[in-house]
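Asks: The following block contains the structure, expressed as structure tokens.
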Amino acid sequence: MTQEAETRPTRVGFFTDTSICIGCKACEVACKEWNGVPDDGFVFRATSYDNTGQLGADTWRHVAFIEQDDRWLMSSDVCKHCTHAACLDVCPTGALFRTEFDTVVVQADICNGCGYCVPACPYGVIDRRERDGRAWKCTMCYDRQRGGLEPACAKACPTDSIQFGPLDELRERAAARLERLHADGVAEARLYGDSPDDGVGGAGAFFLLLDEPETYGLPPDPVVTTRDLPEMWRWAGGAAVALVGAVAACFLGSRR
Amino acid sequence: MRAGRGGDPAVTVPEAEFRSYYGQPVLKPPVWHEPHMPVYLYLGGLSGASSVVAAAARFSGHDRLAFAARMTAFAGAGLGSGLLVAELGRPERFLNMLRVFKVTSPMSVGSWTLAVHGGLTAAGAASALTGLLPLAGDAAVMASALTGPVMATYTGVLLADTAVPAWHAARREMPFLFAGSALASAGAAGMLTTPRAEAAPARVAAALGAVMETTAAAIIERRLGLEGEPYHQGRAGLLIKASRALTLAGGLLATVAGRSRTLTAMSGLAITAGALCTRFGMLAAGKASALDPKYTVVPQRDRATGRRLVAVPDQEGGPDTP
């Protein structure tokens, strides 16, 4: 309510610079503690030092470990808070909404657990918590932001691999960082999700990666599924007309 | 790190080499349960097409077929609604479906359509059963002939409007597949519940629907490349094969089913079983498609590479050098 008189806040986001991630998982822990996210099982996966595996209803920050021949890659994944968010588009109850910070949040008191957002997300982020029945994901610490605080993961990150701030500023900072890395000979560095021209209109949480996105479990060219929805409704309209026509044909010549 | 090189060697799609995070899925598979979701998809289609049949039968004087189709439309919508509510993670909150109307959400459009269609078919059935307000009952049936086609086709959009590669790639054919299957189902139900002498239009509907469904499935098979692979493999592949055989056999039998009760029963049951196999197969294929990172990564990588070839040259030697 305090913001009613003020102008709309600028869009904020995360810039996760994986080139300085040390894989400490402080972000995972801080997220769980602040948001009261339940246990996701402490499992040794026997693939790497990754215990959580992937983002899900009970894992809102996930640190990926990739052991390559000459190096380790580490990256803290999170909900992308897309400009064109499929989860929000397809939510039938309005439980998913866009906040004043241009982030995407589930209202737990509205969600009826229909599960439609789950296969809609092109990043495989949101999931249904089966023992609770509702869909859950990162809120970018909506409550902390309302109180003027940065999200718990960014606050806890000891190397500033996770940076929080106005999205415009983060994009400038990321471009400068990329230029610096290229100048230093790290030719494989690339930004992921920073462009407003990509298939989701740009992510609110974007990354600097040191390998192809798919190596980190990220889709190489995600597109919001609802981009094709007008076309889909047209095809459905055609099918509906065909159905009526077919039924009419069934009764032609058999009038009693 | 290299994954892939898996799958069935008999498949004609060339094996794709791709990278992934320890072979883990990129996407989350659909959480919908069996039998709730596939049986709802069947019942919703059955109810939708039956309401159109009921209206056409009423107009053309096929009164017994009109009555049977009216009852089928009501039963399908009623049972289907129950399954949808049971499918929710929080069934007690099912009314939240009618909290907003969003054309960007096929589930929202479907919920509102089902609510209206369910009401209309219930009114039509109640009037026919009690003999009260026959004009209002007929009006309800006529109105349900408008909501019915939406019921029978929106489910195609429901599945296609996801990130699941096998579903999204089949977005053009999916509504026709569901419409055809719904028409065949309604025809089968009409055959099974109406005296043979008056069930001729139902038999034609069964045959036409079977043709429509089979054609849409064949186009999906032809047009989709790698994304279509889950329709041929594993449990989904078996279900789709069974569906194809049952639907075709049932559709053929429908053309001669007017001759005996046995043929009618065989045709009607085969088509019904085929329609159910279609729905179970589609859900299984969607889950398999989401769970294998190949179907997410390879088409997107191809797309990204193709675009990069024609993209701005300032990326040369830059971030995209492998």
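Quick reminder: no glycine exception, Cβ is built from N, Cα and C everywhere.
Quick caveat, the model's predicted, so the values are computed rather than measured.
Quick paste of what TrEMBL says about this protein:
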- A:12-42: domain '4Fe-4S ferredoxin-type' (DOMAIN)
- A:Cys21, A:Cys24, A:Cys27, A:Cys157: [4Fe-4S] cluster 1 binding site (BINDING)
- A:Cys31, A:Cys138, A:Cys141, A:Cys153: [4Fe-4S] cluster 2 binding site (BINDING)
- A:70-101: domain '4Fe-4S ferredoxin-type' (DOMAIN)
- A:Cys79, A:Cys82, A:Cys87, A:Cys121: [4Fe-4S] cluster 3 binding site (BINDING)
- A:Cys91, A:Cys111, A:Cys114, A:Cys117: [4Fe-4S] cluster 4 binding site (BINDING)
- A:102-131: domain '4Fe-4S ferredoxin-type' (DOMAIN)
- A:232-252: transmembrane segment (TRANSMEM)
Asks: Using Cβ atoms and a strict cutoff of less than 8 Å, what residues sit near the domain '4Fe-4S ferredoxin-type' (A:12-42) while being 6 or more residues removed from its termini?
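Replies: Residues 49, 51-52, 56, 58-63, 65, 72-78, 81, 101-103, 129, 136, 138-141, 144-145, 151-167, 170-171, 173-174, 177, 181, 186, 189, 203-210, 216.
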Asks: Which residue counts does DSSP give the domain '4Fe-4S ferredoxin-type' (A:102-131) for helix, strand and coil?
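Replies: Helix/strand/coil tally for the domain '4Fe-4S ferredoxin-type' (A:102-131): 4 helix, 5 strand, 21 coil.
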Asks: Going by DSSP, is A:Cys153 ([4Fe-4S] cluster 2 binding site) sitting in a helix, a strand, or coil?
Replies: helix
Asks: Of the binding-site residues A:Cys24, A:Cys27, A:Cys31, A:Cys138, which sits closest to A:Cys117 ([4Fe-4S] cluster 4 binding site) by Cα distance?
Replies: A:Cys138
Asks: Could you round the CA separation between A:Cys121 ([4Fe-4S] cluster 3 binding site) and A:Cys31 ([4Fe-4S] cluster 2 binding site) to a whole angstrom and send it over?
Replies: 21
Asks: Listed in sequence order, which of the binding-site residues A:Cys114, A:Cys121, A:Cys157 sit with a CB under 8 A of chain B?
Replies: A:Cys114, A:Cys121
Asks: Which of the binding-site residues A:Cys27, A:Cys31, A:Cys82, A:Cys153 has its Cα closest in space to the Cα of A:Cys114 ([4Fe-4S] cluster 4 binding site)?
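Replies: That would be A:Cys82, the closest of A:Cys27, A:Cys31, A:Cys82, A:Cys153 to A:Cys114 ([4Fe-4S] cluster 4 binding site).
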Asks: For the binding-site residues A:Cys21, A:Cys79, A:Cys138, which one has its C-beta crowded by the most other C-beta atoms within 10 angstroms?
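Replies: The largest 10 Å Cβ neighbour count belongs to A:Cys138.
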Asks: Below 8 Å Cβ to Cβ and six or more residues apart, same chain only. Which residues does that give for A:Cys153 ([4Fe-4S] cluster 2 binding site)?
Replies: A:Phe14, A:Ala26, A:Cys27, A:Glu28, A:Ala30, A:Cys31, A:Arg61, A:Ser76, A:Val78, A:Cys141, A:Ile162
Asks: Run through the Cβ atoms and count how many others sit within 10 Å of the one on A:Cys121 ([4Fe-4S] cluster 3 binding site).
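Replies: A 10 Å sphere around the Cβ of A:Cys121 ([4Fe-4S] cluster 3 binding site) contains 27 other Cβ atoms.
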Asks: Could you tell me the C-alpha distance between A:Cys157 ([4Fe-4S] cluster 1 binding site) and A:Cys138 ([4Fe-4S] cluster 2 binding site) in angstrom, no decimals?
Replies: 16
Asks: Taking the recorded [4Fe-4S] cluster 2 site as A:Cys31, A:Cys138, A:Cys141, A:Cys153, identify the other residues of that chain whose CB atom sits within 8 Å of the mean position of the site's CB atoms, giving them in sequence order.
Replies: A:Cys27, A:Ala30, A:Trp34, A:Asn35, A:Trp60, A:Arg61, A:Val78, A:Thr139, A:Met140, A:Pro151, A:Ala152, A:Ala154
Asks: So of all those binding-site residues, A:Cys21, A:Cys24, A:Cys79, A:Cys111, which one's Cα sits nearest to A:Cys138 ([4Fe-4S] cluster 2 binding site)?
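Replies: Comparing Cα positions, the closest of these binding-site residues turns out to be A:Cys79.
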Asks: Give me the Cα-Cα distance between A:Cys111 ([4Fe-4S] cluster 4 binding site) and A:Cys87 ([4Fe-4S] cluster 3 binding site), rounded to a whole Å.
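Replies: Cα-Cα, rounded: 12 Å.
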